[in-house]
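Novice: Attaching a single structure in structure tokens format; questions to follow.
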């Protein structure tokens with residue numbers, strides 16, 4: 001059985017009757033990215049204008065009597081609509097589809113059929129699967145690689161067919177119809193019942209499909225192939241946008257271009273060269289900065305070594321610096337008799353720490369210092385270093401070390 005959304009992909013609302021409404025749960029992804037379970041109801045209607053997930057196409061969103069439908073799934077010949085409000089069986093309801101989402105899916109799905117057919121016709125490249133993503137779609141082709149010329153030829157051909165305004169129609173064939181054997185497709189679901197649905201692009205392609213499609217290729221507006229990516233099992237993913245997604249992509253790209261023009265103070269044609277120059281300048285500055293930091297670390301190490309306060313616990317904190325900076329100081333000092341506690345980072349945030357000195361003392365104190373600074377670390381051979389999330393507790397860590405030294409001195 002075909003749902004109303006399949007018989008008329010352009011229908012935006014539909015009046016029907018509630019068949020059943022049962023308590024159900026839906027696993028979904030929350031705003032924090034974690035899985036959460038929603039309690040609600042599984043509503044079955046006599047027919048529906050909301051497409052249930054299938055054929056590589058995501059399900060529709062919409063409303064039933066202004067009640068939001070959060071998921072639509074197919075179960076045999078019926079569609080289950082998940083809502084968080086119950087509906088009375090036997091009642092008449094108005095079902096409305098989220099048209100922006102639906103039309104986007106129609107453009108991407110029909111675009112996939114067209115690209116698949118053209119890739120096969122031009123280069124005998126077979127489609128093994130496809131994915132309709134939130135921002136872009138991918139067609140997996142049974143080839144280890146594609147040339148830029150092949151990609152360009154496919155893009156040119158599909159857009160020519162869009163300009164030719166070729167009609168797209170849907171037919172239903174019985175399972176025993178001889179024509180079924182001549183139709184492309186990757187098979188039917190195990191629970192499929194009823195006639196076979198065939199989507200035909202006039203003179204281009206005829207394919208088994210359960211999805212919603214445009215009625216004419218002109219509704220695709222344009223297809224842009226963004227390129228290829230390496231796929232699984234020695235295959236290639238062809239990345240594409242169709243219809244309104246191309247316009248949105250162009251709008252984002254133009255916005256980025258304008259922003260870069262203002263930042264780089266040059267025309268779009270010079271952006272790449274300007275960024276390369278900035279990268280080269282940054283590398284030189286980073287190298288010079290590293291050399292200066294190393295010289296500073298050596299100077300600091302010698303100053304600490306010759307300080308009248310040398311002995312017990314030697315403490316140094318700097319806002320600027322990195323792990324290498326601290327290790328240079330520790331290497332230059334090279335003492336296993338004195339505890340050296342070095343920290344770098346913002347006192348109001350996180351940073352890095354290093355504890356060096358007598359191996360037994362460092363082994364004991366390292367994890368405790370990490371705990372005080374609410375960080376993590378590891379070490380061996382008289383050196384323990386790691387990341388701290390609370391550099392504001394640095395004074396507590398210093399007190400811990402000084403207490404330890406005082407206790408050790410008292411024992412001696």
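Keep in mind that glycine also has a Cβ here, set from the backbone N, Cα and C atoms.
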Novice: From 145, 174, 281, pick the one Swiss-Prot annotates as phosphoserine?
Specialist: 174
Novice: Of all the recorded positions here, 113, 174, which one's CB has the most other CB atoms within 10 A?
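Specialist: Of 113, 174, the one with the most crowded Cβ is 113.
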Novice: On a C-alpha basis, identify the one among 109, 113, 209, 213 that is nearest to residue 174 (phosphoserine); the candidates are the binding-site residues.
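Specialist: Out of the listed candidates, the nearest Cα belongs to 209.
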